[in-house]
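**Student:** I'd like to ask you about the structure that follows.
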Amino acid sequence: MSQQDAVAALSERLLIAAYKGQTENVVQLINKGAKVAVTKHGRTPLHLAANKGHLSVVQILLKAGCDLDVQDDGDQTALHRATVVGNTEILTALIREGCALDRQDKDGNTALHEAAWHGFSQSAKLLVKAGANVLARNKAGNTALHLACQNSHSQSTRILLLGGSRADLKNNAGDTCLHVAARYNHLSVVRLLLNAFCSVHEKNQAGDTALHVAAALNHKKVVKVLLEAGADTTIVNNAGQTPLETARYHNNPEVALLLTKAPQILRFSRGRSLRKRRERLKEERRAQSVPRDEVAQSKGSVSAGDTPSSEQAVPQKEEARRDCPPASQEPRKDERRRKSRPEVSALSDPTPAADQQPGHQKNLHSHHHPKKKSRHRCWSPPPPHGFRAYQLYTLYRGEDGKVMQAPIKGCRCEPLINKLENQLEATVEEIRAELGSVQDKVNAKLGQMESKTQHQMCVLDKLMVERLSAERTECMNRLQQHAAAEKQEGEKRQMSLVDELKAWCMLKIQSLELRLSGESRTFRAKSTPPPSDSTPAVDQPVVAAGPGAASDSSSQVVRPKDKALNASAAHSHQQELPPSDCTGSGLRKIKAPGASRCDQQTGSCVNRGTQTKKSGRSGQTKHRGQQPTASSPSGQQPSAASSDVRDASQALELTQYFFEAVSAQMEKWYERKIEEARSQASQKAQQDEATLKEHIRSLEEELARLRTKVQK
């Protein structure tokens, strides 16, 4: 293994050790010379350690000089990866080493965007203190404050506002942070933004204000808060609708009712502080109720002059009102009210029934009637038996069975109901927070499962494609090898047959040469007879020129080897040729005796089976060769040389005809064998093709079953 391969292996091991947080292995690999490698997503060991929260590994990598600002395939740095999980210790280490704070990923998000989106307020605080740009926008035009408001992260929103983020900045859709908080019904964030003097009259690209958005989505509490903050209900959006018309269009009757009472809500918000002070005074002026037996005991000792009547209380109240300055002088007014409290609220014990007049009761009733208890008060009144008795009171029976009296306009259930309402609201908020966290976890798990499933599907697709390609190439190689083997076998058969035919032809030629050489020797022996045998030798050609019987006998006497040679040659050729040449062997059997009777028969009788033009020509040549003998006078005797030449030419013609017939039969046999080989090869190819298609179909079915299993 070369040095580069060794370094690459060490780098891969460094990635694994950084991912698992193996500090000792990281130190050893760095000392051995491992360099910074990246994963298939472009992430370095610093990315992996920062995301997994391995602080010691991050510190070692920083000391080793690892680049802080390397971006992966999603353009995220190690700071992004640490911010996503909210690891403040690693964030502190990276910031201390001087990493870039405002690097943007492929969506334009900085590390501050990630911290605000996930609600890691401590991470956001660290980044803001380190000098991160709080006004940076992503590709959608959202700042970090937009993302914090969208996910209802109040603490992150507060930190960003304190860090200098502007609540009136708009994204690409023209929405401010107030639009976003109103859209997602985050009441606490809306209040934070209103306390930060965020404008309630800003419009987005559709011309909607935050009040339009809340009215369209039926967010009653947000609408109420916006109205109390002074939102204008007459602003018209691009569709020509006011917030009231928008609420009616979306069938939100409760919000529409709030918007119709908008002036009353504004007056209520302006006079809320005054009402609180009045309620406080009302509570302090009320007398405490006492048990009925104590009231009965005190009736005899109390005179009518000691009890202030309603006529005396009304002038005192009017004097107190005259002494009160305008609403602008609130401190003096509070001081004067505190001074006048003992005079107004100093009620004595109830007077006897005989001393109470109807007029006094009416005046007291009219005097105390406007002082009703507010429904939305959160104070908890003392038990009814702790009050002093009013002139008008109601009776009730306590837990111990005693008859008690209480103010006629009071309600003991109201503080309990208010307490239950507060507890219910707190429980609802907790449940919402829990649901949000559970939803985030479920979404994260589903995202992980989806990514894992997609990765597995990609791997399976690649494996199936590779397997199919390998099977296809293997089948093609097998087909090619089979075709090549068939071709080689055919060529070998053809070469063997050609060699056999050549050998047979050479044997025939050699036999002919031997026969011709034997005939020439006999001719030479006959051409030099003794003088006493000259007369019979001259008479033999004359006898041969006679009738056909004489020619037959002369031919059998002169050449006894011709028939034997032809018969043996034909027999040997019949044994050497394949069984398909039976017709050729029969033809040779016909031709062999024809060679012995060539002087007696004409050209048409030489090759009757073949019926070729050459046979006709051979007959003509034979006829022409016999004409001189027939036309020659009986007194002339042909020479022995002319007869030998004629016999040799006839033998050559017969041999030529024989070879032509044999070659024609061999060509037919070759063509038939080639056709058989082709048909067999085509059948085998079709069978292999059908087998291959069946195999491919089974593989596709297996792939479909795997996909359905993975999707389930």
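One is the number of the first residue shown, and numbering goes on along the chain from there.
Glycine is treated like the rest: Cβ placed from N, Cα and C.
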**Student:** So which range, 26-55, 416-445, 446-475, 476-505, gets flagged coiled coil in Swiss-Prot?
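**Tutor:** Result: 416-445 is the stretch Swiss-Prot calls coiled coil.
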**Student:** Taking helix as H, G and I and strand as E and B in DSSP, count the residues of the repeat 'ANK 2' (41-70) in helix, strand and coil.
**Tutor:** 17 helix, 0 strand, 13 coil
**Student:** Looking only at the repeat 'ANK 1' (9-38), what are its DSSP counts of helix, strand and coil residues?
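**Tutor:** Going by DSSP assignments, the repeat 'ANK 1' (9-38) contains 21 helix, 0 strand, 9 coil.
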